Amino acid sequence: MGDNQTDQTSPLDSFCGSTFWDLEQTWNTNNPSFTECFHQTVLYWIPCGFIWLLAPYETYQILYSNARYIPWSIFNISKMIINLLLIILSIISIIYAVIQSNNDVQIYTYDVYYVTPAILAATFVLTLGLMLAEKRRGIRSSGPLFMFWFLLTLCGGFTYADRIKSIVDGMDSLETYPFVWEMVYYPFVVSMLFINCFADKEPLYMEGEGKSENPCPEEGSSFLNVITYSWLDTLVWKGYRKPLETGDLWDLNSRDKSKSVVPRFEKHWLKSLSKQAKKPSEPKATYGAENGGVSFKPSTSSKKIVSILPALCKTFAPEFLLGALLKLIQDLLAFVSPQILSLLIGFVEDSTQESWKGYLYAAILTITAMTQTLILGQYFQRMFIIGMQIRTSIVSSIYRKAIKISNSARKESTVGEIVNLMSVDAQRLMDLTTYLNMLWSAPLQIALAIYFLYQILGPSVFAGLGVMILLIPINGVLANATKKLQIQQMKYKDKRVKMMSEILSGIKVLKLYAWEPSFQAQVEDIRNKEIKVLKQAAYLSAGTSFLWTCAPFLVTLATFAVYVTTDPSHILDAKKAFVSLTLFNLLRFPMSMFPMLVVSFVQASVSIKRLNKFMNADELDPESVSHETTASAINIEKGSFAWSQGEQPILKDINIEIKPGKLVAVVGQVGAGKSSLISAILGEMEKLGGKANTNGKIAYIPQQAWIQNCSLRNNIMFGKTYNESVYNKVINACALKPDLAMLPGGDSTEIGEKGINLSGGQKQRVSLARSVYSDMDVYLLDDPLSAVDSHVGKHIFDEVIGPKGLLKAKTRLLVTHGITFLPQVDQIIVLKNGEVSEVGSYKELLAQKGAFAEFLLQHLEEEGADEDDIPDELAEIKQELENTMGKEEFARQISRQRATSETQSQNSENAESKPMIASPDRSLSSGGSLRRRSSAKDRKSVDGGAPAAKPNNTKLIEAEKTETGKVNSQVYVHYLQSVGGWLSFITLILYMIYQGFAVYSNIWLAKWSEAGNTTVGNHTVEQQRDIYLGVYGALGLGQSIFLLIGTITISLGCLQASAILHEGMIARTFRLPMSHFDTTPIGRIVNRFAKDVDVVDNLIPSSIRTALLCFLSVISTILVIGLGTPIFFAVAVPIGVLYYWIQNVYVATSRQLKRLESVSRSPIYSHFGETLTGATVIRAYGQEQRFIKESESRVDLNQICYYPSIVANRWLSIRLETIGNLVVLFASLFAVIEREKGTMDPGYVGLSITYALSITQTLNWFMRMTSEVETNIVAVERIKEYSEAVQEASWDHGKREPPNSWPDKGKVSFEKYEVRYREGLDLVIKGITCDIQGGEKVGIVGRTGAGKSSLTLALFRIIEAASGKITIDGLDIADLGLHALRSRLTIIPQDPVLFSGTLRMNLDPFNSYSDDDIWTALEHAHLKTFVKSLPAGLEHEASEGGENLSVGQRQLICLARALLRKTKVLILDEATAAVDLETDDLIQATIRKEFKEGTVITIAHRLNTILDSNRVMVLDKGEIKEYAPPNELLENKESIFYGMARDAGLV
C-alpha cells in the first residue's frame, strides 16, 4: 500500500483499470471511503500474504506435535464445509470474470479480477490443507489461522460496509455481482472467525506417553483463550471462593516436565564436558616412598572450568529467540503512540480538521496499546517458562552431580552451601531470563526514542543524551560497590545458615549442656555483621534511585533548556512539549531497567561462578575399582588409598583376596583403617596405586546407619518390590519383630528425618534389614553390631551374618570390635596403622602370636580374663590362647596388658598414639550421616509405646502449615511496629511531597507550552522563558531530594524491622521445647532462617517502596486527567471498581499459589540434604537412578504449583492493561469531544493523554507490587509464627534459685514420677518412686523401649513431668530455672555431637575455664597427646558435625566436657555404644577415678560396664521391676537381670 501512494499513474492503476489511491475520496472529506481498486487489492492481499508468510512456522508446529488424531466434531466439519464453499466462491469469481470479458465487458479485461480470486482460492486451499494436517496431528487450535481469519474479517469489513453503502447511493448494473458475492462471502468469513474462537476435541492419544490424569486446560484451549489466558478463569474463581490446595492444580504440560527438559540440557552439558576432557593435562611421575616405587600423579595445573552457560544457551535458544521476536514487535509498537499523540494534539489545535479523524486517532491509540498488551503477555509467558525449565535443569544437574562428587570435593562445601546452590542460585538464573532480552532491547528503545526526539527538537537532544552518558560511569561505580556488598552479604548469610543448621542438628546437646546462650550469641554476631552490610547496601540503593529519578528529569530539563535558549525562534508548544515528554517517558523505562539489569547480572554471574565450581568438582573415579568377573569376590593387589589426591595414603600396600561365599572379619585398633578399607572397596577413596576389583553386586551397612524420611517398610525395601515371605524372614532375622509391635503404625510408621524416632540400635537393624532384603552378592558390614545390645548382636550374628545365617551363601566382609564371633569366621584380616599386618584363619593367627594375639589379649584383659565369671565363648578363646602360648607365657602377657592399661591414664605411648590415629574422615567413610540428630535409645516410646496404638498416628513429621486466606492485618501491624510508627508516617509524607512536585512540574510544563510567545506584565520574552525554565528545574530538584530522604528512611526502617524480627525468632527458636524439633524437619526450620529472612532483608523493603510510589502515581494520574476533563471522573469510578474487583480475585489465588509453591519447595531440599548424607549408601546399592527420579518428581510437583502462579500473573496483567487501555481510550475520546465544544487547551490534552499512556505500566506495577508485598509479607507471618510458638520453661528464673554449692551430695529421688513425650501420647514412665543416694553408682538396664533414656531426659527436664516430682538434694527440679538445673548436672550423651569451630569452643563455649583446666581435662580424657600433635592444638577446627575426628575421639571429647564441669551428678546415656571396647575401657576407667565422689547414673548397653555398680535398676515398660546390687540379682536365677546377663553371655 505504501509504495503506491506516490503518483496518479501507479502500476496498480493500470492493473485495476481504475484509480488506486484518491486522497480526496479517502482523507480530505467528511465521508471517507476507499477506491474500488484498493478494495480489490490491498484489503484481500494483506491477510493472504500473512498466512503464506506464517505457513512454514505452522508446518513446523504440525511436524513436531506429539498428539494424534482429533475425532470429527460439529466444529471441524463446519470449518471444512465453509472452507470448501469459500474455495468454490473464489473459483466462481474467476469464471464470472472470464464470461464477462468474453462478453466484452470492458472492466473485466483487467488482471485484478483474475489475480485476486486466484490468490484467494490458493490461500483457502492452503488453509484447508493446514486444517486437515492439524486434525491428523492433534493440534486443537491454530494461532496463525485464527489471525488470518481475524485479518480477513477486519479488512473485509471495509468492503462489506462499502457494498452496503452502494445500495443506499443507488448502484448500477456492474455493481450487482460484487454486491451479491460480498453478501455471500463475508458472512462465511465471519463465521469462520467465530468457529476458530473455539478449540477442537481432545486428540485420541499422545505419542510416547500416556494421557495425564489431570491435564492442563491450556493444551486444549483455543488461540483466543491462550492469548487472553481465559483458560485460567476456572482456577482463579476457585481460588477466590476457597483457598486452593495442591489437588486443585493441573499437571505440568509435557514440555515442562523434568523428563523432557533435563535430557535436552544434559546432552549439551555432557558435550561441553567431553570437549574439555579431550584436552589432557600431562601426568608427572613422582617417587613415592610408601609405594617403594614410582607413581603417576596428574599435573597439579588447575583444570579449566567448564561453564554451564553454553549448555544452557544451546538448550533454550530456539524458544528464547521466538520470545525475542515478540519483544522486538512490542518495542516498535511502543513508538507508535507518541506519533498518534502528536496527530491528536495537532487535531485539537486545528479546528478545521474533520471530527472523524479525532475518533480515528483515539481508536488507533487504543488498538496499538491493546496489541502491545497481548504481545507483551505472550513474551513474558515464554520467558517465564524458559526460566522455569532452566531451574528444572539446574536443580536436576546439581542433584546428579552431588551423587557422584568425590569425598575430597564434598569436604569443600557443607550441606547447607550445596543446598543453597539449588535454592538461591538456580532461582537467580531463573529470574534473569525475563530481563535477558533487555540487553539488546534497552539500547534499541533508547536509539529509537532519540531518533524521534531529534525529529522534534533537533540537536538539543544531544544535551540530554550527554547527561545520560555522564550518568553511566556513576552507575557503574555504584553497581560495582553493590556487587561487593552482595558477595559479602551472601558470605555472611551462608555462614549464618550453616551455623543454624548445625545448631539445629545438635539442639538436644545444647539443651542438655545449657549452651544455648553461647551459640545464640555466635549467630547474632554473624547477623549483626550481615545487617551492617545491608545498611551500606541500603544507602547505595537510595543513591541509585535518587540518580535514576533525577536522570529522566535532568535529561528533559537539559534538552528543553538548550532548545529554547539556543534560538529565539525555538518556542515550546504543546505538541513539542508533550510528544517529547511521552518519548522521554519511553526512554525512562529502559534506563531505569539498566541498574536492575546490572544487579541481576551481577547476582547471576556470582551464581554461575558458584554453580560452575560445583559442577566441575572432582567426581569419584568409577575406574578406581574394576568390576571384572574373576574367581575371587574381592581382590586388592598392592592397593594404596587416600581420601584425596595428594594426601598421605591412609591405607598402604594392601593385598587382600576374598573368595565368594566366605565370611571375613577385619579387626584392628581404633583408627587402624578398618572403615577406610570398606570405603576403598566401594570406590569412595582415591586409589593412589595398585589394583582393586569386586565381583558381583554390593550391599553396604555403614557404621552409622543412614535412614530415610519415609515409612519403615520403604526404608527396608529400598526400591525393591515387596515380597511378603522374604520380608518377614528378614524382619525376624534382624530382630525387628518386637520393634514393629511397639511402633504406632507398625512398619508403615513414618520415620523422621535421620531416623529421629528410632533408637541407635533400631536404626542399625533397619540398615541391616535393608541390605539383607536387597539380596546382593557381596556384603560389606561396617561394624553393625556395635550399636545393638549384646544378646541382640548374638541373635543377628547367628541369624544373618554367621555360618548358619540368611547370608551364609554370600561373601561377607565384617568389620568388628567384638571378639566373641571371631572363631566362627573363615578368615581374619588384621589391620595396623593402615597396613595389613596378618591374614589367616582364627587358628593360624593364634599360632603366629602376632598382632592378632595382642589384640585378643587386650580384649580379654578388659573383660577380666583371670576372673571366674567370664562367658563361655571368651572362656574358649582364653583356653585356646593358653594352649598356644603355654600357661606361663599367657599369664605374663595378661599381666603385661593389665600394667599397660593401668598406666594408660598417665598417657602411655601405647594407648595414646596408636588407637587415636583415626582416618581424618572416619565418620564420612563409614557413611555416617553428616548432621546426625542425637536420638534417644528408646524414642520408641515417643509414639505410643504399645502395639495397641491407633494406626492413624503413623505420621511423625507434621505437614508444614500453610496459612490460608488473606494475610492477617496483625502481620502488617507487627511489621510496621518493628519498622517504627513515626518512621512509617514520615516516609509517607516525604513520598507524597515528592509526588506533588512531580505532578506540578508537568502542569507547569503545560502552562509554559500554552504561554508560547506571549508575555505577561512587563517581562521580556527571554525573562519569561527563564522564569518558566527556572521553576521547572527547581521542581525537578525538589522531587529528587524528597525521594532520596524518603528512600533512606524507609530502607533503614525496614532493616531495623528485619533485625528485630530475626532477633525475636532466634531467641524463641532456642527456647522451643525438644518435642518441637522431633516433629519438625531441620530443613523446614532452616528455611525460615534462610529464605524467609532473606525475603525480609532484601525483597520486602523494595516492594513496599515501589508499591507506595505506584499508588501515589495512580492517584495523581486520575486527578490530572479529571481536572482537565471533569467528565472523566464519571468513568474513573466504574473503572476503579472493576480494577479493585480484579485485584481481589487475583490476590486470593496468587497468594495461595505462592504459599503452595513455597511449601512444595522444602521437600526438594530435604530430599537433597538426605541424599547428600546417604550418598555412599545410595552409590553402594546402585540406586542413583531411582533417587534422581524421585528428586525430579519433587521438582515437577513444585513446578506444578509454580506454573499457575506465572500464568495468573499474565492473566492479571492482560486484564489490568486492558483497564489501562480503557483509560487511554476515554482520555482521548473526551479530549476529542471537549474540542468539539471548544473548551480544551492543546497543552492539557497533551498532559492528560501523556499521563493516561503511562497509567497502564503504573497500574501494572502497582498491582504487581501490592501482591508482591502481600506474598512477601508471608515471610513475616512465618517468622512471627515461630516467634510466638510455645516455649519451654524459663532458663534463668525458676520459682527459687539453687545455692551455689548445689548439688553438694548428689542424692536423686523420684516420687510417683510420670512423664510422656508430648501431649496426647501414652506415659513413658509410669509412677516410679526410688532414691539414688549421693555418691552411689547406679546402672539402669532394660530392653529397648523400657524408658531408660526417658529418665535422663526427665532429669534435665527435656520432657516435663506429667505428675509426681524429682528432687536432687531436696530441691524439686521443677522449681528451678532450666539453665540453673542443666548447668549443675553433667551428661555424656549417646551420640557425640561436635560443632564446627575450634576444639576449645567445643569444650568450653562460654570461655569460663582457663587453658590449664582444659589441658587437664584432655589429659584425663586421654586426648592430650592427640591434641598436642595437631598443628593448631586447641584451636584445631572441627568440621561440620566433627567429621574430621573419629567416633571414638568425639566420644572422648564429650568425656572431656564432662570432666571440665565435674558436677556431683553424672549421667552416662549409653555413652559407649558407638565406641570400640578399647575406648570404652578408657572412658570407664576415667569415670571411676574422676567421679569417685559423685553420683553416676549409667544407662547401660553392654552389661559388663555396670557389673561394678552399687545397684542396678531394671526397667520394663516404664516401671521399675528390680532395683538391687548386681550380684544379688545375679544370684536369683529368676530375676530379669539374670536373664539379660545370660543372653549377653555373662553368666
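In case you wondered, yes, glycine gets a Cβ from its N, Cα and C as well.
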Given ranges 308-327, 328-347, the stretch to which TrEMBL attaches the annotation transmembrane segment: 328-347
Best-contacting stretch, by C-beta pairs under 8 Å, relative to the transmembrane segment (145-163) and drawn from 42-60, 81-100, 435-454, 1109-1142, 1212-1232: 42-60
Averaged pLDDT score, the domain 'ABC transporter' (1310-1542): 82
Folded-back contacts onto the transmembrane segment (1041-1061), same chain, C-beta under 8 angstroms, at least six residues removed: 527, 531, 534-535, 538-539, 541-543, 545-546, 549, 975, 978-980, 983-984, 986-987, 990-991, 993-994, 997, 1093, 1096-1097, 1100-1101, 1104-1105, 1108, 1276, 1279-1280, 1283
Cβ contacts the transmembrane segment (112-133)/the transmembrane segment (435-454), at least three under 8 Å, sequence gap 6 or more: no
Same-chain residues near the transmembrane segment (583-606), Cβ under 8 Å, at least 6 residues beyond its ends: 334-335, 338, 428-429, 431-432, 435, 438-439, 441-443, 445-446, 449-450, 452-453, 456, 464, 468, 475, 478-479, 482-483, 486-487, 490, 544, 548, 551-552, 555-556, 559, 1250, 1253-1254, 1257
Positions whose Cβ lies under 8 angstroms from the transmembrane segment (537-563), at least six residues beyond its ends: 453, 457-458, 460-461, 463-468, 471, 474-475, 478, 481-482, 485-486, 489, 570, 572, 577, 580-581, 584-585, 587-588, 591-592, 595, 1001, 1029, 1032-1033, 1036, 1039-1040, 1043-1044, 1047-1048, 1051-1052, 1055, 1101-1102
Contact ranking winner - 42-60, 971-994, 1109-1142 against the transmembrane segment (1212-1232), Cβ under 8 Å: 1109-1142
